[in-house]
Structures are given as structure tokens and as C-alpha cells.
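Colleague: Structure in C-alpha cells, see below.
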Amino acid sequence: MILALIAIAALLLPLPFLGVAPNRLLPGEGVSALDAAGFWVAVPVVLLALGAWRRLPGWAGAAAAALGVVAVLGLAGAAANDRLADLAPAARASFGAGFWVAIVAGLSLVAMRGAWMGLAVAVGAAVLWAMGGLDRLSLVVEATARADALQSAIWTHLALAGAALALALLVAVPLAWAGFRRPRLGAVMGAALSGVQVVPAIALFALLIPLLAALLRAVPALRDLGLGAVGWLPAVLATAAYLALPLWRSLSGGLASADPAAVQAAEAMGMTEGRILAEVRLPLALPVFAGGLRVAVVQAIGLVTLGGLVGAGGLGAVVFEGLSQFATDLMLLGALPILLLALAADTLARAAENRLARPA
């Protein structure tokens, strides 16, 4: 109920629901939801209130909350069309604080009532987009103008995150096995990998540039392989350095969590150390390792954003281009896909983790 009240208050109170500006760079004039949409604001208000009503069945409350969120988005699109009808083509209508409060509270309510209804919200938003109901919103204008570049940035972002994750796995797996076999060595590894986490991410990305430049000067043949001191290489290396700790820690913990009785039974059957690892320790370690992998996947998607500062491209480049131009909508155009990718990756990885943790 509290979430619904927050969303309803954001719609009824004189908070800026939209910001109408002469162009994408100038600050906009705030317009409240009531001023922008009039009595139509009652539609999302009623739906969100129904979504929080405990007496409704679970599916009905979740559906009402989802429709309420879609109605808020549709209200913003309609208000933008109305407000910009008599203004110059360069005029923009961007989301205000009232919109974001209402949307975040509404989505949180949807998640509490039934996370599966988040798909219904996505479908509703897609229908509004396809029907042209959101075309005058500044964020949609930016997305339309940069559709090809945005798609390329998303694929580049995923490629960078995947490469960093693969590299971190190549480092963490043998280190975890070596640390498991030699506990003292494992303690040293844990301290070293933990030390990397202390270094600010931006500092590590920047530090790698002169180090890689010196390496390339010493070994010019590396340049022939397409390696450079700026671009994807420092982004992948720096991100992998941060991912190594959760991967190493989860795999080490998983190997140590194997039931001694199961290991002793395997030894009694004459299994070699390699077979015990492959058939006993690793299967028992998978649920623990899956938790660390989930953390690393989400962390990778977030950290490679900083690759935009070192010429790696991806969605980080879109975010920092928006920062350099003081263009809020351009920043959001890069940041929102990162958020959605991280949430999707976390959901899928959590489902896999829960499945592995389920007893056979």
C-alpha cells in the first residue's frame, strides 16, 4: 500500500511530471501530471490503488498494478504530444521527477504483486511505442535518431562483458583449484584478489593505459595482433580483475563444501583425483559457484560501462557522450539499457542458481 501511495502522490502533488524545453540542451519547465493530463490522471491512480488492494486476487492485483504503470507511461506520451503540438520541432518533453517516482514505485508494486507481470509492462510499453504514443518524448526521440548506433553499442557492451567474464574464469578456476590444494597459497591469493577491489575502478582503468603502452613499446609484435593501450583491451582486463574475486571465492567455497563422506566413498571406489574433481567435487560445488557467477555477470555488465572512458565503446560511450553534452536524455539512453541488461542477467542467473540448488 505504501508503494501505491507514493506513486499516487507523485501523480497528484505538484511535482514536475514532464519538463518541456525549447531544445535538448536547455532545462525544461516543469509541468505536473494534473496540469499535463487533467482528469485522465485518475486512470493510473485508480489502477495503482487497485493494484495495492489486498482483497483483490493476486493475479488481478498484479494485472491492475501493471496496467497502472503502463497508464503512467501512456499519460506521459499523451501529455508530451499535447504540450509540444504548437512548439518548434526542436522542442523536447523529458521525464520529470514526478514521473520517475511514480514509475519506480509502480514497478516495485508490480514486482511485489507478481514479478511475472513485469513482462506485461514491457509488452504494454512496446505497444505504446509501436502505436506512436511515445514519439514526442525526448528519450524516444533520441532512441529513434540513434537506433543503429544504440543497437551496435548494446552488442559491443555485451561482447566486452562476455570477454571480461571469460578471462576472469580462465584466471579464477585454476587459482581456486591451486588454493584448495594448498590453503596457505589460497590465503595469499584471496588477499591479492581482495586488494584489487580496494582500487577505484576509474583509477584502475586509467592505470592500465600507460602500463599497456609500455608493454606494446617493449613488444611491438603485440600491435600486429590488434592490441592497443586504449580501446577494448584495458576495459576487458580491468573488468576481469574485479570479477576474479567473486568467481574465485565461490569456486573455492564450493570445492571446500563437498561432503567428506562422498569424497571418501569415491576414493574407496578407486577414483583418481581428476575423476573425484569432475564427478564429485564440481557437481557438489555448482550451486555455490552459481551464486558467485551471478554476481560476476551483473558486475561485468555494470563495470564495462567505464570502458567508454578508454575508447572501448559500448553503452558507456553513450552515457559519457551525454555527460559531455549535458544531455540528460542521452545519458538515460545509455544507462537504461545497462540497467535492463543487468536485471535480465540477474533474473536468468538466479533462476539457474535456484535450479542447481534444488535437490535432485
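Glycine is treated like the rest: Cβ placed from N, Cα and C.
These figures come from a predicted structure and were not determined experimentally.
Heads up, here are the entries from TrEMBL:
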type	residues	note
TRANSMEM	37-53	transmembrane segment
TRANSMEM	60-79	transmembrane segment
TRANSMEM	91-109	transmembrane segment
TRANSMEM	116-134	transmembrane segment
TRANSMEM	154-177	transmembrane segment
DOMAIN	154-349	domain 'ABC transmembrane type-1'
TRANSMEM	198-219	transmembrane segment
TRANSMEM	225-245	transmembrane segment
TRANSMEM	284-310	transmembrane segment
TRANSMEM	330-349	transmembrane segment
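Let's see these features in context: how buried, what's close, how far.
Modeller: Sequence-distant contacts of the transmembrane segment (60-79) (same chain, at least 6 residues past either end, Cβ-Cβ under 8 Å): 4, 7, 11, 17-18, 31, 33, 36-37, 40-41, 43-44, 47-48, 50-54, 93, 95, 99, 102-103, 106-107, 109-110, 113-114, 116-118, 120-121, 124-125, 128, 133-137.
Taking Cβ pairs closer than 8 Å, the transmembrane segment (198-219) reaches residues 227-230, 233-235, 237-238, 241-242, 303, 306-307, 309-310 in its own chain, all 6 or more past its ends.
When Cβ-Cβ distances below 8 Å are used as the criterion, the transmembrane segment (225-245) is approached by residues 160-161, 163-165, 167-168, 171-172, 175, 193-194, 196-197, 201, 204-205, 208-210, 212-213, 216, 296, 299-300, 303-304, 306-307, 310-314 of the same chain, each at least six residues removed from its ends.
With a cut-off of 8 Å between Cβ atoms, the residues of this chain six or more beyond the transmembrane segment (284-310) that come close are 157, 160-162, 164-165, 168, 201-202, 205-206, 208-209, 230-232, 234-236, 238-239, 242-243, 246-247, 249-251, 253-255, 257-259, 262, 316-321, 334, 338, 341-342, 345-346, 349-350, 352-353, 356-357.
Within its own chain, the transmembrane segment (330-349) has Cβ neighbours under 8 Å at 24, 139, 142-143, 146, 150, 153-154, 157-158, 290, 293-294, 297-298, 301-302, 305, 315-323, counting only residues six or more beyond its boundaries.
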Colleague: What else in the chain is close to the transmembrane segment (91-109), if you only count residues 6 or more beyond its ends and a Cβ gap under 8 Å?
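Modeller: Same-chain contacts beyond the flanks: 3-4, 6-7, 10-11, 13, 15-24, 28, 30-33, 44, 48, 51-52, 65, 68-69, 72-73, 76, 79-80, 83-84, 118, 121, 136-139, 141, 328-329.
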Colleague: Looking only at residues six or more beyond either end of the transmembrane segment (116-134), which have a C-beta under 8 A from one in the stretch?
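Modeller: Distant contacts of the transmembrane segment (116-134): 62-63, 65-67, 69-70, 73-74, 76-78, 80-81, 107, 110, 140.
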Colleague: Is the transmembrane segment (37-53) packed against any residues at least 6 beyond its ends, judged by a Cβ distance under 8 Å, and which are they?
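Modeller: The answer is 1, 3-5, 7-8, 11-12, 17, 60-62, 64-69, 71-72, 75, 78-79, 102, 106, 109-110, 113.
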